[in-house]
Amino acid sequence: MSKRCHIDDPPVLPPPKRPRTIPRDHIDQISSLSDELLIHILSFLPIPSLLVCQQLSRRFHALAGDSELWKKQYYSRWVRPRARRLANARRAFFSRPEIEYSPRVSTWLDHGHLAKEGIATNWKRQCRLKHNWSRGACRVTEIEFPQPPRRQMLVTFCAGIVFTADSDHGLRAWPAEKPEHCLARIALANPPSPSFPAPTAIAAATGGPQQSLVDVTVGFEDGRFNVFTLDTTTLRLGIRFSCVECAGAAITTMASCSPFLLLVSEHKVLTLYETKSGMDGVGGLLAPRLLTSLKADSILEPISLSVRATGPKIIASIVYSFYHIGCGWSLGIQELQFGLDGQQLSSRLATTVDCHYATVSPGSRSRSKMEFRTTSYATGPGGVQNTTPHEPSISHHEPPTSVSYSHPYLLTSHADNTLTVYLVVSTSTSLSVKGCQRLWGHTSSVSAVQVSDRGKAVSVSSRGDDIRIWELESLVSSLGGQKALRDGNSIRISPENRLGRRHDSLGMVLESSHDETNGARSSLVDIPHRLARMRGCIGFDDERVLLLREKEVGTQMLEFYDFT
């Protein structure tokens, strides 16, 4: 039977209600407003207030998340300040209509890539993405590829897809969003053979009318190269053709801009091909057409290749390093211009020697008044020698550790913890380098750099524990002017899921996943950076940065720094 309750026990009372802070006669005047009027009111609020409003109710969550509100926030926070900075750096003047907000993204300064036809832009996501880049906030995912020590894996990044090539697994495609799952794969040789030459270079570029095709070119140690095509809509990977460029000369570097392919062999032979799709007269695939082939006397690595289309011209460029007696290690730029029909229009040469002499006035910076000696791919006579009365303001006693060129930005890294940025000016009549600027920020030797054509750059230290983002647009725009900026703005990448935030030994939190079929694995382990050697920066886009690291045991690791 149940126990009898004590009569003397105090009764259990419910907790008192929270006192009302709003008078009973208060009238809710906000809820009665129309959505259009509330959105107009919300347009005057800053981003933190919009985020708070989204937590009030379902209605305010939808209203404060309106795409047009965040579109204006994006313009006010990123587009307008950038336009003003460039105007100040270039000593230019923008009229008021050019600064005021316009709903047409195509009119924004260099932001037309955000206006994709038929695709709605998530402007709140774009604001968050820009904010994360400005703070270096990201999450890192590491994918480990078991790799035999006798072969090296080649990696490239294009259109949000990572391509890897090696003799054992062939060519594979991995999505950057979920890199632990392989999208497609194909053997490098048909049929596969152990005696097939090993791959030595890889390049990728988008093609097709809808940019849905990605052309991947793999060069081999015997001089041949294969061109593969990945359809990003159907995820089908197939081979287009194979071509033998030069027997016995391994291909070391490649660059592509569909349908043009630029490559350099180990014998320092530069070759430009046109690789159009189609059928010949007998029903076979069109073979690549050789446009030009040039031989260098002596150039030194590192080198950087670039192919770009500018209206009716195709411009192929090579940047190489050489030693100058007056100012030490410098860079040479060879530019070849072709018409769309493949006819060569011009060949021009420029060097960075003049830029290293900062005391020379702009009017006297010409090749005829400076002394330099360089070997290049030029077909004409060598440079003119004269004496130089000034000491160089920038002198590099060691060759650069890496070079990256994406017109008009030329960036080099050095073992003395610095970077050097140049502005390349290419007109219809001349090719020149406008100026140079040294950049400080790293605390150890810089081993790899990558720069985009919009002025964003990524640099990596030799140990891989210091990764920095650089915004070079306003800096380079002021080069040669009276108000040149003294330093570039660099942001150190700080992954939120990284363990042991120390400068000498950093560990990583790896997103757990395992895929034995694809030969790649990711695990939650703390891998010291001292056990892995940085092999370079594979590339980056608007959302992520890719690095390649190699452990002492021979395995290679891809690091994905995601800013979304």
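First residue shown is number 1, and so on along the chain.
Glycine is no exception: its Cβ is also placed from the backbone N, Cα and C atoms.
In TrEMBL, annotation is done automatically, which means it is predicted and not curated.
Among the ranges 1-23, 484-506, the one that TrEMBL lists as region 'Disordered' is 1-23. Here the repeat 'WD' (439-474) has, by DSSP, the following mix of helix, strand and coil residues: 2 helix, 18 strand, 16 coil. Across the repeat 'WD' (439-474), the model assigns an average pLDDT of 91.
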